[in-house]
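Peer 1: There's a structure below that I have some questions on.
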Ligand SMILES: Nc1ncnc2c1ncn2[C@@H]1O[C@H](COP(=O)(O)OP(=O)(O)OP(=O)(O)O)[C@@H](O)[C@H]1O
Ligand SMILES: [Mg+2]
């Protein structure tokens with residue numbers, strides 16, 4: 001048989017911990033091969049071995065039938081292997097073009113020929129409909145856009161075996177559809193793809209075969225045609241997973257958060273939130289649905305004190321928190337699961353334990369008169385780790401060493417355990433496996449049932465519709481409509497998110513008249 | 001190999017390798033490496049006088065290295081340690097000369113003045129960095145020159161045009177008759193206790209306090225620190241101020257210990273800049289700085305014996321010392337090699 005990639009009995013250890021326990025993965029030429037497994041199962045590790053970032057402790061790798069030793073990513077590049085990482089590896093202060101050519105700069109008379117590269121990048125970008133501006137600065141573009149830059153990077157380097165590590169975690173549904181088109185086009189051109197994703201729907205839609213791994217061990221490789229999401233989920237988790245979210249009717253009381261006429265600008269001074277009005281009540285989960293880049297990020301940053309409010313007012317529990325520093329806002333009862341866990345959520349070079357007291361380290365019992373109490377800190381960390389099933393060797397492990405999903409579970413645990421009056425959850429389940437998503441959704445609903453307010457921002461329409469009690473649609477910096485999730489569907493939401501006003505008729509009454517439509 | 005083991009093995013291997021390369025260079029240039037290293041060894045530890053003088057050289061390096069390392073942990077590159085040291089030196093001597101107080105007040109006051117002077121000198125670039133985003137490297141370098149020329153003017157002013165101030169009062173001196181006695185009247189002084197105390201205090205701050213937790217957090221990830229509610233700007237200033245105070249104390253070691261006065265300088269002392277090397281040698285950790293300062297200080301002092309005792313020209317001595325330092329500083333290369341090496345063995 002024609003395999004482009006064969007990873008045979010790959011073993012990888014970190015200290016005494018076995019991250020890959022003799023896993024075998026064989027990828028056929030021209031197929032999309034999905035890799036499925038729980039958070040911390042060892043997927044990224046296995047791919048990092050293939051890409052030359054880690055050296056295996058055992059096993060053999062064959063590329064196009066030839067046994068190879070991939071000692072570093074350059075070797076992988078030469079073998080035609082490209083990787084889009086789970087966490088982007090971009091230089092913030094560089095432009096798109098500079099990032100893409102970094103490490104293989106095209107030179108002309110000894111100077112770097114940025115212009116030519118930019119033109120080529122533009123061409124590739126147009127070819128695949130990526131719509132990337134080659135001259136935009138990374139720090140100025142959205143997470144979704146950054147993801148596309150990573151994809152462009154491998155295409156630019158001419159890879160014919162592409163590894164995608166959770167490429168869709170940060171894309172909007174529309175972008176995912178586009179990406180899937182891109183992948184299909186790549187396959188038509190004879191390329192092969194290894195796709196890591198937690199979204200079973202995507203596997204069913206694009207993949208030809210799927211390999212399931214659990215706790216470092218290869219479980220099974222199946223033809224996608226012969227399986228279904230339920231089987232995959234139970235293979236991967238080792239038990240049955242409930243997909244629908246079980247919850248009782250919300251019992252909202254008074255407003256915890258009131259936002260009035262809020263105006264916020266982005267880094268470039270462009271208004272992103274434009275006289276926005278919104279209320280979140282105690283005892284409800286308000287979901288914000290919208291296409292990435294319509295002001296969600298700026299809105300969250302303004303509420304949490306990370307970004308300046310130009311005008312307007314934010315009130316929490318009757319207290320004006322407009323333009324107050326983050327600590328003040330945190331202490332007044334705001335919890336925040338940030339959308340970019342590496343930028344805001346964690347100090348990667350601190351142990352996961354120290355990260356569990358990131359907002360509370362200065363309080364008793366974690367410190368007293370300025371002296372840290374490590375015993376109490378690590379006891380608390382242990383607590384969160386156990387309760388939220390954060391898979392780590394110990395609480396002393398560097399946060400950097402945890403798998404992406406387990407980092408996320410740690411952050412969520414930290415924020416919920418502080419028991420805030422208002423919990424802002426931005427893409428809380430990004431990168432989590434189906435089992436963990438089920439668990440986190442339960443926790444969010446639990447918060448609500450305890451009379452707390454939850455503000456959920458997600459690009460995942462299913463999530464917004466399943467978990468929210470009300471859905472606010474954001475478009476161009478404003479809330480253009482508020483809907484009842486039971487009385488709407490993806491189509492209606494999709495249209496609204498694209499900025500199309502629905503004609504109001506009696507069949508879709510608004511549950512709430514306050515933060516409503518349009519001008 | 002465990003982490004702790006590599007941390008000890010790597011620098012030791014690096015020193016040995018540096019010595020070997022240094023020996024080769026001596027041999028090529030026609031000098032006997034054995035004689036050369038013997039002279040170096042004796043220059044450092046040969047007799048009690050040399051031991052005393054080595055410790056005396058190490059003392060300000062401890063504080064200067066600590067100053068660089070501390071700022072670095074908050075992500076700041078304090079090249080201004082030299083200038084902060086110079087103003088600290090002057091401030092300490094000024095208190096020592098102008099006042100006449102009982103020792104229990106006078107000495108602490110002089111030390112405090114040095115720390116405050118250094119702190120003020122670092123406060124300026126700290127504030128500029130935190131609130132206006134001005135690069136601290138540029139500002140601290142400029143502040144070095146300001147320190148040099150301003151103190152020179154002040155010294156002349158204070159001593160009626162003479163090039164050196166009077167000696168400080170005994171009550172402000174760090175001199176130790178005990179050390180003088182056991183080291184054959186070297187200039188070793190009580191400042192070594194202050195330097196070692198500072199190492200402990202800085203280690204304590206970084207490892208055990210909420211302040212250290214914040215400072216390191218800011219150094220690792222500014223965005224996450226802000227998210228966590230830390231005052232990033234304040235932390236930058238605090239870090240610079242503490243770093244500057246340490247540098248000022250390094251100046252006090254010279255002013256109150258080694259010399260007992262301050263003279264007009266035609267150029268920088270170099271101790272502040274060497275502090276960067278010391279910090280690098282010590283991987284920016286307080287305990288590492290003890291290792292770095294000991295190595296750097298003793299090599300620097302002991303090398304002085306090589307021209308006279310082994311006939312090796314001074315220029316060549318500088319090259320040899322630089323090579324040893326270079327090998328230690330690039331210790332991470334060894335670390336990589338070592339890791340690769342031990343990994344290969346594991347596979348087999
Ligand atoms: N550099 C490292 N040092 C120590 N342990 C590590 C390191 N990298 C990964 N691990 C551990 O290996 C295991 C597998 O991690 P990996 O990142 O491969 O998981 P994953 O399957 O990609 O999970 P996710 O879906 O959450 O991204 C985890 O338990 C993780 O803690
Ligand atoms: Mg992963």
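Backbone N, Cα and C atoms are what each Cβ position is placed from, and that goes for glycine too.
Bear in mind that TrEMBL entries carry predicted annotations, made automatically and left uncurated.
The following feature annotations were taken from TrEMBL:
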| type | residues | note |
| --- | --- | --- |
| TRANSMEM | B:12-31 | transmembrane segment |
| TRANSMEM | B:58-79 | transmembrane segment |
| TRANSMEM | B:86-105 | transmembrane segment |
| TRANSMEM | B:111-132 | transmembrane segment |
| TRANSMEM | B:188-206 | transmembrane segment |
| TRANSMEM | B:236-264 | transmembrane segment |
| TRANSMEM | B:276-296 | transmembrane segment |
| TRANSMEM | B:316-338 | transmembrane segment |
Peer 1: With a Cβ cut-off under 8 Å, give me the same-chain residues at least six positions beyond the ends of the transmembrane segment (B:276-296) that come close to it.
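Peer 2: Answer is 11, 15, 58, 61-62, 64-66, 68-69, 72-73, 79, 81, 196, 199-200, 202-203, 206, 325, 328-329.
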Peer 1: Contact between the transmembrane segment (B:12-31) and the transmembrane segment (B:236-264) is defined here as three or more C-beta pairs under 8 Å separated by at least 6 residues; is that satisfied?
Peer 2: no
Peer 1: Would you call the transmembrane segment (B:86-105) and the transmembrane segment (B:58-79) in contact, using three or more Cβ pairs under 8 Å, pairs 6 or more apart in sequence?
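Peer 2: Per Cβ check, the transmembrane segment (B:86-105) does not touch the transmembrane segment (B:58-79).
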Peer 1: The transmembrane segment (B:188-206): which same-chain residues, six or more beyond its ends, come within Cβ distance under 8 Å?
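Peer 2: Residues 52-53, 55-56, 58-60, 62-63, 66, 69-70, 73, 111, 173-176, 179-180, 212, 215-216, 242, 246, 249, 252-253, 256-258, 285-287, 289-290 contact the transmembrane segment (B:188-206) from elsewhere in the chain.
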